[in-house]
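**Q** Here it is, the structure, as structure tokens.
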Amino acid sequence: MKKFAALAAVSTIALGAHAVQAEPLKIGIIESLSGAQTSSGRLYATAVQYGVDKINAAGGFNGEDVQVIEYDNAGGSTGAADKFKQAVADGVNIVIQGASSAIAGQITEDVRKHNLRNPGKEILFINVGAEAMELTGDKCQFYHFRFTTTAPMRVNAMTSAMKEAGDLGTRVYSINQNYSWGQDVQAAINAAAEKGGYEVVDEVLHDVNKIQDFAPFVARIKAANPDSVITGNWSNDLLLLMKATGDAGLDVTFGTAYLDQPGNIANAGETALGHYIANNYDNTAGDASFAEEYKAASGHYPLFVEPQTIFAVGALSQALEGVDFAGGDIDVSKIALALEDVTYETPVGPIAVRKEDHQTIRPVVVSRVVENARYPADDTSMGFEAVKVVPGEQAIYPVQDSCDMKRPG
Amino acid sequence: MEFVIISALNGVTYGLLLFMVSAGLTLIFGMMGVLNFAHASFYMLGAYIAYAVSSYFGFWTGLIVAPVIVGIVGMLVERYLLPRVHAHGHAHELLLTFGLAMIIEELIKLFFGDFPVNYQMPDNLRFAAFTVFGTDYPFYRLFIGATAITMFALLWFLLARTRIGIVVRAAERLPAMAEALGHNIPVVFMGVFGVGAALAGLAGAVAGAFYPTNPNMGLELGVIVFVVVVVGGLGSLKGSLLASLLIGLFSSYSVGLDWSLAGLFGLVGLGDWAQSIGGLMTLELSSVSATIPFALMLIVLLVRPAGLMGERN
Amino acid sequence: MTNMRNILLIAAVLVALVAVPPFLGLGWQNALVNILIASLFALAFNLLSGQAGLLSFGHAAYFGMGAFATLHLMLAIEDGLSFPTPLLPLAGAAMGLLIGVVAGFFATMRSGVYFALVTLAIAELFHSLTPHLQGFFGGESGISSMRMPWQGFVFGTVLEVYYLTLFWVVLSVMALWAYTRTPFGRLTLALRDNEQRVRFLGYNAHTSKVIIFAVSAMFSGVAGGLQAISNETANYALFSSHISAQVVLQTFVGGATIFFGPVVGAVSFTLFAYLVSDLTRSWLFYQGLIFVLVMLFAPTGIGGVVQHHLRNVRRDDWLLLAGPYALAATGGVLIAGAVIYLTETVAVLFGEEYAVQIRNAEGSLPAYEMFGAWWEPFGIATWLVPVVLLAAGGAILVKSRGNILKCWEKMGREVGEGAHEPAAPGVAK
């Protein structure tokens, strides 16, 4: 029951704020720890804790252990707004969040307003999973860093890898969830058409995680006669879509972004074989020592959103090495400036922050579901096998025009 | 043509699934006047129990055990919980079952976690029943449909053609008289509630192997099922069958149609004007197909407030 | 006498609400803002569900629309519209009223359980449609704005927001209280108790219900507006069934039959969430359990039980009751301890982290840590703890129940959790 200890720690901090000599760096995780999206939320929290444990094992920061406080946003942006205020009250310096772009949008706005109103007591937001383009577009700001990919990065990498493997074909179907992420993916699929040498035969946007029966959509896909289907769908929407396609006996290759969500492979079964995913990392790509080391600490190989989260904390750790507050007040702006200059080596290649919009330039790994995998997923014999690692410089896209970042000072 | 036929087939099976879940709800409401808010939770419970049982004893055992257990849970609720609040009116019965729904959902999360569980149909049911226009039609869809139709036939037969049905209907109309004639009314009601719950459990056990089994499945389906009973007319078995099929077909067809209000205005030459307004005007039907049942419900309320087959208020 | 006491009590609460917050930490100030908003929302909801007997499962729709309207006004102020920031909740009120009239017109076509289902579906309609309407609702990420300074008030600190919220909540609560005193307020109760008779008296029941619905939606809109001001953002998740469910829970746990009952529920649940939600993952389960227990054993809610005692128990009776009540409380605590123990044990044993440990231990079940101690899954102590707690708690409760019954008999008054209170909101079939 780490929670009880953490809460006890928090309350003692709140009570004895003046008694502390060295100021510890406090990281707040505002995630869905109850409600529908709990499973992803927990993975983010576990991964952050793992990264921070490493920092603390190496001596912590500012003369103290780095503290991690978990906040349950109950899966909604209202809860997130509320818990952000609590985090401010607890004196959190850095907020980490990943699941849901809507919640990230809320937090980045809250951080922006907080920093406007409280100069000198800024808060840094490290986004480890929210991929909406607007976060580095309309809403882009100096105190937000995105340590994950975005739709164009995933789609570009995926189409190029699938094309090389001969699985893309010339007729691509785009089916996505009707909200910013899905729309971003759809736009990216259209944008990549020329380079990928394909035609988008039809595009559909549908309700998010509300559809029980995807058979009608499969009928529509069938009518368009595509070679491959590219989708940014996640959770139920991906699972149901793939199952319905399998049941209809439709022979298409799927290019996905979230096929590695725990439970998906087991649930989809044989249907999943041969389909693709573009993600931040895969255990079969690059050096295996990272995966083994993580397994030794946590009991399982890194999966789903954990690697990108660990990399983000790793990059933060590297940035912290370059700043020194001599045990005094922590100035988050200095940490942010240091983070801008970090190049973090991951097993699949370097990650660096693009200063103009704080999107990370990072490699994208495209992998395919195979039988008898080296790292089996969900206790099945299937798993992912990397087919291509697209280096960061190739995967990245130009800074969005809408980004108007005000730098401190 | 291809689209029309395939969508019709899909719509009918989805509609029949909706009916399977709403049948128990309708039965309980029609007989006892209790709206069981936890009904969709019984559906979810059925799927999870079938999953847990089938991973040890096989699919068919799960299919039999799940409705039995859910039915027993239902009877316990009717016997020990509902009477306590009965004196405070139907609102409190509704509130009690609403609270039960929350508890069931959280209990399932506690035991099975938040991820979808891997509940699968057996391999020997995983084949194509037939092929239309080059698309395989899964046998399991027919199985779901057949289960629903059997359920409807059995229920109708039981209620309309057997002695049990007469007693149950008597118990509903004139409980005091039925009791005076020597029928054990509390047991009859307990039985009705149990059967209703078991039907939801069976629906969950059958459908959970086809659709994903996760802790949100109750909530997701529950709202649609409530729409079904409002559209069909609460308490009317025929009404809920009709409404289920209607909503199934609407959902199925709307997916393939890129219609929008702007397009409608375009027919009379106001297309550009409507496009410029945006918002509701340019929403495509396919992207809001999940909204259609609710819109349908509002229309039915306006035109026929008692529901398609319901008796007057 | 009681009147005087009530007035003094209310005045004391008000003084405390004004004077204490500056000395509290940020976390508590923020929790108080949430409590105030939840209280107003629950009171507005109760106007419809408790007083008019129309049980709504979709009040999130009016709360949410109020929030969006307020936020659009905030955006307009940001763009230079000169409108005093403190009057922002008026936008929420107007929008709530408008949507309330339309939705109320549909919903009140039916009564009883139909009404409940229709309100639920209307809220779902909002929830599924709004993320697609980019212009007004800002897609799934919603819209956000910033509180603009007005007449020297910056509205930058939580404390300023708190006082603004307090002002509006007190004003609205007074208006809602006054409403119950008007003839129309009486008609509201009559609609609940006997709609037929209301009709025979020549009132148009449908129109009256629409008006009540709209008023309730209007104050829900104010609550939503206050939340928009506090969070400076609104998002389609405001329409989710979770929000509608919370207000139902709070109102009925607090007690729907008395005016301030919902406030009791809102305060306790919001505090509960504030204190417990980061402590255990099962807090929604506990919430549901509390709700069901209250429905079963105290259908008039906490407020109803308190009121029952205030009315029926004289000062010297307390001496008699204190002993058995303390005993009952002890039993309750023991049973609660057992339930919490079992729930958390299940949460650990069936949790993902433990599954990993089992895999690492190659099938055998390792010991686990809970409440700062280590437990063996097959240890005798592990299962003796809840059994002993349950048995002891159960025995004590049964015993004290008998004692309490005797005490009430001795006092010569009827027991029961407010059995003689006005009929609970009865939904006619």
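Cβ coordinates are placed from backbone N, Cα and C, and glycine is handled just like the others.
Annotations per TrEMBL:
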type	residues	note
TRANSMEM	B:12-35	transmembrane segment
TRANSMEM	B:64-82	transmembrane segment
TRANSMEM	B:94-112	transmembrane segment
TRANSMEM	B:139-159	transmembrane segment
TRANSMEM	B:187-211	transmembrane segment
TRANSMEM	B:217-234	transmembrane segment
TRANSMEM	B:241-265	transmembrane segment
TRANSMEM	B:285-303	transmembrane segment
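If you look at the structure here, what lies around each of the features I listed?
**A** Below 8 angstroms of C-beta separation, residues 34-42, 44-45, 48, 51-52, 77, 81-82, 85, 215, 218-219, 222 of the same chain, each at least six residues beyond the ends of the transmembrane segment (B:94-112), sit close to that stretch.
Away from its own ends, the transmembrane segment (B:139-159) comes close to residues 9-10, 12-13, 16-17, 19-20, 23, 27, 121, 125-129, 165, 168-169, 199, 202-203, 206-207, 209-210, 237, 241 of its chain (Cβ-Cβ under 8 Å, at least six residues beyond either end).
Remote same-chain partners of the transmembrane segment (B:217-234), defined as residues 6 or more beyond its termini with a Cβ less than 8 Å from a stretch Cβ, comprise 18-19, 21-22, 25-26, 29-30, 35, 39-41, 43-44, 47, 101, 104-105, 204, 208, 211, 240-244, 246-247, 293-294, 296-297, 300-301, 306-311.
Taking Cβ pairs closer than 8 Å, the transmembrane segment (B:285-303) reaches residues 224, 227-228, 230-231, 246-247, 250-251, 254-260 in its own chain, all 6 or more past its ends.
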